[in-house]
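To start, the structure under review is shown below, and the notes come after it.
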Amino acid sequence: MTEESEETVLYIEHRYVCSECNQLYGSLEEVLMHQNSHVPQQHFELVGVADPGVTVAAEAASGTGLYQTLVQESQYQCLECGQLLMSPSQLLEHQELHLKMMAPQEAVPAEPPPKAPALSSSTIHYECVDCKALFASQELWLNHRQTHLRATPTKPPTPVVLGSPVVVGSPVGQTRVAVEHSYRKAEEGGEGAAVPSAAATTTEVVTEVELLLYKCSECSQLFQLPADFLEHQATHFPAPAPESEEPVLQQETLTPAPVEVPVSQPEPVPSSDHSYELRNGEALGRDRRGRRARRNNSGEPGGAATQELFCSACDQLFLSPHQLQQHLRSHREGVFKCPLCSRVFPSPSSLDQHLGDHSSESHFLCVDCGLAFGTEALLLAHRRAHTPNPLHSCPCGKTFVNLTKFLYHRRTHGVGGVPLPTTPVPPEEPVLGFPEPAPAETGEPEAPEPPVAEESSAEPAAPGTYRCLLCSREFGKALQLTRHQRFVHRLERRHKCSICGKMFKKKSHVRNHLRTHTGERPFPCPDCSKPFNSPANLARHRLTHTGERPYRCGDCGKAFTQSSTLRQHRLVHAQHFPYRCQECGVRFHRPYRLLMHRYHHTGEYPYKCRECPRSFLLRRLLEVHQLVAHAGRQPHRCSSCGAAFPSSLRLREHRCAAAAAQAPRRFECGTCGKKVGSAARLQAHEAAHAAAGPGEVLAKEPPAPRAPRAARTPITSPTTLGSAAPAAPAAPARRRGLECSECKKLFSTETSLQVHRRIHTGERPYPCPDCGKAFRQSTHLKDHRRLHTGERPFACEVCGKAFAISMRLAEHRRIHTGERPYSCPDCGKSYRSFSNLWKHRKTHQQQHQAAVRQQLAEAEAAVGLAVMETAVEALPLVEAIEIYPLAEAEGVQISG
């Protein structure tokens, strides 16, 4: 009985607030230590110190001895009884005696009073502030105080609300602490009377008192436990709303767990910021262990009913099933509600993140629900939630909200995205020694997982190996194959997240997913200290430091750090471009690239600077702009590709494709992020942004393919010449599967084919604003405009001669180097430029055409001569039949 009372007292722990700065503390010792910083060094009045044979008045009048020592050192006074103590630890032990007395218990004979800290031979007494009577123990003093409370009843103080504490004054006046104290005499307690002296109170029976913290605002009735108070409040409010006006003390006393954590993880202790805290973790542990012991005690009558009223998540006790159900909803749905919409969240951080959707920083607004998003891509992904069928369904039964993840999943089924048929397996067949995973934390028993039989799927491909029939993967052990089939090819997802309802195959996946709700990132990178929420994400991140790219394409040899990126890359070789731009016809294999491309048509980029009217396609470019233009600092640039980053950490995380391909493109556009190979090209590209409008200049320009420099070298001769390409630096072999419908020429990208088709259609969408001449590509227009401006940005390092086009500079450099990379396959003559080779090839073409015409003329003349010479002779029948139509066509009459 005593242990239960002590545990109950620990559960309804006090909260202490500093009266000077309103700072909250979980224990009296902490607040007293804190208040020493506010209290100047002063002497306090000793309430009562008596020595055998010496009165208190005489000791005080003498001004010497023990009294002066206590006056100088004692700075800690109990607010309940006024006793002065020497240290915070003694005051804490003294306060626990008050708490033990406040617990409801049967009247028992008084035990000898606990010994106060002995100071020489003196004894500390307790003085009544009303009648100045002295008592030898706290129990007798509290019993005497009840007589004054019954004689002059006073209204109990209002429960403390955080932010506006009620300060309880003390005789000292310097260590005032806001504590919730409301007492009343127990109705079944013994009757005690005031004792004028310590000698007369040695046989006094201790009267029990109880701590009443909760007052009903309707009927002013007092309650000790929050469960009793809530049960009573239900009588006044039969149908409370989900956000009912519950007192703040309920939230301060209850300890809900915002997130359902796994059993293997330690249970978090609520922090003081959420207004429900206990004194320390040990008190919480003792409280929970005591409740579990009482709940598991089957010997008590009604133990089964009591066990049903305990919350399995936080061990909270409730008096009715309705209260328990209402409490369980807080674990499932959350307890923090958005004031602007009806959504609830499990933690304040989730609510703060959600409130950012309502802020004015978002530019794209959903017309159905009012939520705003920072980019158009997020808005389009959110808009699908308002459609009749918001989920992407796969034929295998899985559903996805995100389109990208749905496309990733479909590729696991192979060509067509249709899952292969699986062999049905009896559910009763045992698994090969593999233990069943623990059931999900829903409290309901789940059906056993259908195991996979070895006879139906484990076909030995080689001695000692087992092959999976679904993906042809081989394993060295049957147990490994069984585990692979259970967790890779299993269609159902048994483990559910208690916060958002998302399903997972493994319980470990649920634990990793829960960290996205709690914000926990327990796996830091040893190189840059960046934290991650799972070991897999950490391992993927560490590849950026080591430079390792374990996933390599078998067609072009390009390597990647993730298998999903490799799967996306293979779509390029498969010529799978399902996303088409409606304005210019350019196709993309990823949806976000189409969204990025659409900004070039509209001319409005999503990330706008607050200090100037400029906008940017990427957030990184906006941060770099603010760093350079408004902060006057230099960004961190990649030495391989020239990309700029606002911090060195972002630069270290940068995965440079140019460095891997050894083809640096060192100049990046600060507006759209496009990289070019020279400063002149960058200036021309930025001039296009600054032209009449980005929509007019860049709208019809498809994004240039980011191929290596060697692949862009013009070495392919026209098909009309019908000859091989001249000798040039060899480029990596690439598949060319896009064919022109007019000339049957093949191209590797949709962009190259789109530009080539303008040759047949005659389309020239880029006119010069100075002379009106039109061009098929925007780069040709940029080169042409330099003729009007006289700009020659490309200068030779040897002779200083400048050119308007970089290609002319490259041809000029060959004069100094003597290089002639373009040779004629007919005569072997070589040239410095492809245009000179083209002109030279035309001479061979003209000679070839002249020779063909001469041969045709000679053949025609020979046929006519043969007819004229043999017309008078008798010819065989077969020759006559062959010559007759020819002679008739020439107008020659053949006599018979």
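Placed from the backbone N, Cα and C atoms, the Cβ positions cover glycine too.
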Residues flagged as region 'Disordered' in Swiss-Prot, choosing from 434-460, 515-541: 434-460
126-148, 172-194 - the one Swiss-Prot records as zinc finger: 126-148
Helix, strand and coil totals (DSSP H, G, I; E, B; other) for the zinc finger (822-844): 11 helix, 4 strand, 8 coil
Same-chain residues at least 6 beyond the ends of the zinc finger (523-545) whose Cβ lies under 8 Å from its Cβ atoms: 512, 515-516, 561-562, 649, 652-655
